[in-house]
């Protein structure tokens with residue numbers, strides 16, 4: 001029979017495993033929501049930056065699987081399963097820390113990365129249908145025009161004409177085409193950057209909260225493993 005202390009640690013570990021599983025679900029949902037709601041802006045952000053939501057989805061799924069191992073180990077009092085859980089949890093924890101640090105480093109240079117992507121997609125606007133669709137969607141949803149303003153399109157069209165998405169409303173009695181006079185004067189780069197900055201703060205808060213819960217779970221798992229080993233040594 002397990003002692004009262006061992007039983008307490010066992011159920012605390014089981015409870016923390018449930019919290020651990022919820023953190024995995026939270027990571028999975030955050031990654032899925034970012035991918036679902038903002039993936040159509042991926043043309044304006046480099047590929048290695050936009051893989052972050054996909055990585056979060058994979059990590060969230062992995063955490064759920066690992067938690068099943070930890071819960072079974074706690075209830076069955078299996079030191080082998082608890083040790084495996086703690087080891088895998090540490091790997092996931094370190095991976096999340098590395099992902100957070102990489103995200104911070106990339107975030108500091110996000111403006112430069114996005115500016116490069118914006119210029120590239122604009123330069124190939126006429127040749128690539130996917131870039132035209134991306135610009136139309138971006139300018140329509142964010143009510144913006146060009147990179148820093150409507151004047152950016154002059155180098156592409158070589159005249160005063162602008163993409164129709166730059167003009168949310170045109171009075172047909174005044175003009176039949178979208179021009180600088182009727183276009184919104186806000187550039188798209190700053191608008192999109194502000195959106196991504198706000199989401200980055202949310203992601204950072206989620207990661208910090210998740211890391212705290214995961215560390216607590218790992219500590220309880222280590223205590224439970226030691227208790228199981230001592231219990232078996234006395235038998």
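Here, residue 1 is simply the first one shown, and the rest follow in order.
Positions of Cβ are set from backbone N, Cα and C atoms, glycine also.
What TrEMBL lists as disulfide bond is 145-167. Within 10 Å of the Cβ of residue 167 (disulfide bond) there are 21 other Cβ atoms, across all protein chains.
Residues or ranges marked as transmembrane segment by TrEMBL: 12-34 (among others).
Residues annotated as transmembrane segment in TrEMBL: 54-75 (among others).
What TrEMBL lists as transmembrane segment is 82-105 (among others).
The feature transmembrane segment is assigned by TrEMBL to 201-225 (among others).
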Neighbour count (Cβ, 10 Å) for residue 145 (disulfide bond): 28
Intrachain neighbours beyond the transmembrane segment (82-105), with Cβ under 8 angstroms and 6 or more residues off its ends: 13, 17, 20, 52, 55, 59, 62-63, 66-67, 69-70, 73-74, 200, 203-204, 207, 210-211, 214-215, 217-218, 221-222, 224-225, 228
Cβ contacts under 8 Å made by the transmembrane segment (201-225) with residues that lie 6+ beyond its boundaries: 6, 9-10, 12-13, 16-17, 19-20, 23, 26-27, 30, 34, 70, 74, 79, 82-83, 85-86, 89-90, 92-93, 96-97, 99-100, 103
